[in-house]
Ligand code: ASP
């Protein structure tokens, strides 16, 4: 049965089994520190498999963003159009993030979360500082592109790639061969994504079993009000607000979008990282939804860095919750500051696990809420991080689809084809024709004759 199942089916089954098994390990007490399961299973085998999986995704992020974006810019071919797509994307990302946080604040106020609650801070929260906004802007141009790539500084990589793309366009015709080669490299990297996707069921299983075995769901009950409003706001924003926005501005089918997004969101959920999910998001929007690479190669990595609707929702809900617990009254101006700060903070911080808490301390500092209040929600944040990351990538893909559709850079036939992009799987075998052609190239092709020459000269 497993053999005949489609990849998405396998990933979903792996997710469900992982969650159930993890919770079983947690509640049965098997994960007690120092015990066999804790040492060799959750922190041994599962930790290794999970880490290998996340690493294999991260490994592809920088090369994929760099190469696909250079190809994307060359594909657009018109610098003014590039500027228009850029500013349109930025504007929609910011607007949807503001909508997200407004929803969270609204629901938080309606349900009065945290009012009359009396809980002890469980863990002290050490606020890590977020990069100052000025640095974020001045670092967009990297002084050393190699170190920007080594550090995965997404905005700098985006800048560098766009600059290369524009320069290639300026060189014009002679650079045609270069662009063709880059396009081939892009295809090769996407094949690597395909290979890794086929390992996803195992990776997702390992990550979720480990996470659930360690976290359990106990803490959620003690903070039920906070968790319920937060989860409700996340669901409302993604399933209602974003889907209305998608329908209104693109006319695309909501059902198709949601079905095709499932895999991406499971990846985001299990890795808690929009950045690590970039290869999957990019592959899905281009191969499964028909978005042209010229749009997606820019909007997806850009969104993973600056667009965090789910994280913004957490900022809004947490602000109301902590303010109520400490009995602090926030004014309308404070709420507006929270919205503005969350939107700005999302620009400067990358989509990696736990970054939402860093942004939250920035927001709290602005409106004068006690930073140590964050300690109250620390325990549940790991699980909520998974959920909000799924909403973050959902927003990136929805805006990508809207922008692509509005610019006529989308193949609707691919979008509407339920099987698009699902046939490209890796089952451990290489197409025999490809193998034969390659052996011919190497035995008597261009390379072969060149090497003959070298040999003769020796
Ligand atoms: N983990 C989130 C992301 O990668 C960011 C956060 O909310 O902590 O999008």
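Cβ coordinates are placed from backbone N, Cα and C, and glycine is handled just like the others.
Unlike curated records, TrEMBL annotations are generated automatically.
Beyond the transmembrane segment (6-25), the same-chain residues lying 6 or more positions past its ends with a Cβ under 8 Å from any Cβ of the stretch are 31, 37, 41-42, 197-198, 200-202, 204-214, 216-217, 262-263, 266, 269-270, 422, 425. Residues annotated as transmembrane segment in TrEMBL: 6-25 (among others).
Summarising the annotation, TrEMBL assigns transmembrane segment to 37-54 (among others). Remote same-chain partners of the transmembrane segment (37-54), defined as residues 6 or more beyond its termini with a Cβ less than 8 Å from a stretch Cβ, comprise 25, 30-31, 196, 199-200, 202-204, 206-207, 209-210, 213-214, 271, 273, 276.
Long-range contacts of the transmembrane segment (60-79) within the same chain: residues 85, 149, 152, 154, 157-158, 160-162, 164-166, 168-169, 179, 182-183, 185-186, 189-190, 192-193, 196, 275-276, 278-279, 282, 292-298, 301, each at least 6 residues beyond the stretch ends and with a Cβ under 8 Å from a Cβ of the stretch. What TrEMBL lists as transmembrane segment is 60-79 (among others).
Remote same-chain partners of the transmembrane segment (91-113), defined as residues 6 or more beyond its termini with a Cβ less than 8 Å from a stretch Cβ, comprise 225-226, 229-230, 232-233, 236-237, 241-242, 245, 302-303, 306-310, 312-317, 319-321, 324, 335, 338-339, 342-343, 346, 391, 395, 398-399, 402-403. Per TrEMBL, the feature transmembrane segment maps to 91-113 (among others).
Sequence-distant contacts of the transmembrane segment (154-172), counting only residues of its own chain at least 6 positions beyond either end whose CB sits under 8 Å from a CB of the stretch, comprise 62, 65-67, 69-74, 77, 79, 82, 136, 139-142, 145, 148, 178-179, 275, 298, 301-302, 304-306, 350. According to TrEMBL, the feature transmembrane segment maps to 154-172 (among others).
Same-chain residues lying 6+ beyond the ends of the transmembrane segment (184-208) with a Cβ under 8 Å from its Cβ atoms: 7, 10-11, 13-15, 17-19, 22, 45-47, 49-50, 52-54, 56-57, 60, 63-64, 67-68, 71, 263, 266-267, 270-271, 279-280, 282-283, 287, 293, 424-427. Residues or ranges marked as transmembrane segment in TrEMBL: 184-208 (among others).
What TrEMBL records for 220-246 (among others) is transmembrane segment.
Residues 94, 97-98, 101-102, 105, 130-133, 135-136, 152, 154, 273-277, 304-308, 311-312, 315-316, 319, 358-359, 362-363, 366-367, 389, 392 of the same chain lie 6+ residues outside the transmembrane segment (335-352) yet bring a C-beta within less than 8 angstroms of a C-beta in it. The transmembrane segment annotation in TrEMBL covers 335-352 (among others).
According to TrEMBL, the transmembrane segment annotation covers 358-380 (among others).
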